[in-house]
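Chemist: The following block contains the structure, expressed as structure tokens.
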Amino acid sequence: MAAFKPQWNDWCPGCGNFGILNAEQQAIVELGVDTKNVVVVSGIGCSGKIPHFFRTPISGVHTLHGRAIAFATGIKLSNPDLVVIVNGGDGDLLGIGAGHFVAAGRRNVDMVVILHDNGVYGLTKGQASPTLKRGEKPKSLPRPNINDAVNPIALAISSGYTFVARGYAYDVKHLKELIKSAIKHKGLALIDVLQPCPTYNDINTKEWYDKRIYKLDTLPDWDPVVKKPEEVNEKIKRAIDKSLEWGDRIPIGIFYQNELVPSYEERIKANSPAYLDYTPAKQLIEKEGKLTTIIDPLLKEREVD
């Protein structure tokens, strides 16, 4: 393994990515997770640089545009003992990567997906991303956006994610606690992080968010956790209803959590009882990369005349 060597951070001054990076690092340290077992996976975009900027010695994988979830799924299923955290922009995860985003929910792999949600493609000069509202015109666009926006919270819940939350990049302490909860959750977790882009999005600024954001856990009757199967539909309905609240008031916090759903690792073990004891990462391979397991006798038994 190459020596750990963090790179100099080149995000724009005031970028919400700084808060997300700090929250992730603090969450990992406070949970006491062995950093040798942490893998941060990213796609392409400003958020894609995040593995390079960690000051804690984690393993980082900077992957292809829209494919971070696919890479992360392979990493986690190969070695379920790892803590796998995906970082991707709204364009990366909900544009070119939308298929992987939805398919991941059906599997419920035990990993965390952190969505950097700023409404624009920051790396390529501020084009409208899938989360920019129709009719909005940040300074990077010559005309108002003509596409409707994706609702990340509602999409994640309807796709099958079992932990769904929203954070705010400039409230690092609150975001840190969300990330800690997501890591401890047994199943697929999404945190949609509202992240101002001071360079290209002059609508959803820090000042704009600060006047609107409130925390769900300040509501006296808010309880997003499913405790028995009969509660699922009502909890989902309430979470999606809250996700539609946008304008003068914007909620952050945990919208939905359900640990009654078996993780993908548990489902694999049900079909292959030795899976967790003898995962792909533990299987021996030759120097040339070939498996040492001989499966010819097994295939012979299954030949059809």
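Glycine is no exception: its Cβ is also placed from the backbone N, Cα and C atoms.
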Chemist: Swiss-Prot has Ile44, Gly45, Cys46, Ser47, Gly91, Asp92, Gly122, Leu123 down as binding thiamine diphosphate; which of His62, His65, His174 does it also list for that site?
Modeler: His65
Chemist: Say Swiss-Prot lists Asn118, Val120 as binding Mg(2+): which of Asp81, Asp90, Asp148 is in the same site, per that record?
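Modeler: When Swiss-Prot describes the Mg(2+) site, the candidate it includes is Asp90.
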Chemist: Starting from the Cβ centroid of Cys12, Cys15, Cys46, Cys197, the recorded [4Fe-4S] cluster site, name every other residue in that chain with its Cβ within 8 Å, sequence order please.
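Modeler: These residues sit around the [4Fe-4S] cluster site: Trp11, Gly14, Gly16, Asn17, Asn118, Gly122, Pro198, Thr199, Tyr200.
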Chemist: Report the same-chain neighbours of Cys197 ([4Fe-4S] cluster binding site): residues 6+ apart in sequence with Cβ closer than 8 Å to its Cβ, ordered by sequence.
Modeler: Cys12, Cys15, Gly16, Asn118, Gly119, Val120, Gly122, Gly126, Asn204
Chemist: Could you measure between Asp92 (thiamine diphosphate binding site) and Cys46 ([4Fe-4S] cluster binding site) for me? Cα positions, answer in whole angstrom.
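Modeler: That comes out at 10 Å between the alpha carbons.
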Chemist: Within 10 Å of its Cβ, which one of these binding-site residues (Cys12, Cys46) has the largest number of other Cβ atoms?
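Modeler: Selected residue: Cys46.
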Chemist: Among Cys15, Ile44, Val120, Leu123, all listed as binding-site residues, which has the most CB atoms within 10 Å of its CB?
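Modeler: Most Cβ neighbours within 10 Å: Val120.
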Chemist: Pull out the recorded positions from the set His65, Asp90, Leu123, Lys125 whose C-alpha sits within 10 Å of the C-alpha of Cys46 ([4Fe-4S] cluster binding site).
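Modeler: Leu123, listed in sequence order.
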Chemist: His65, Lys125: which of these recorded positions has the highest Cβ count within 10 Å of its own Cβ?
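Modeler: Answer by Cβ density within 10 Å: His65.
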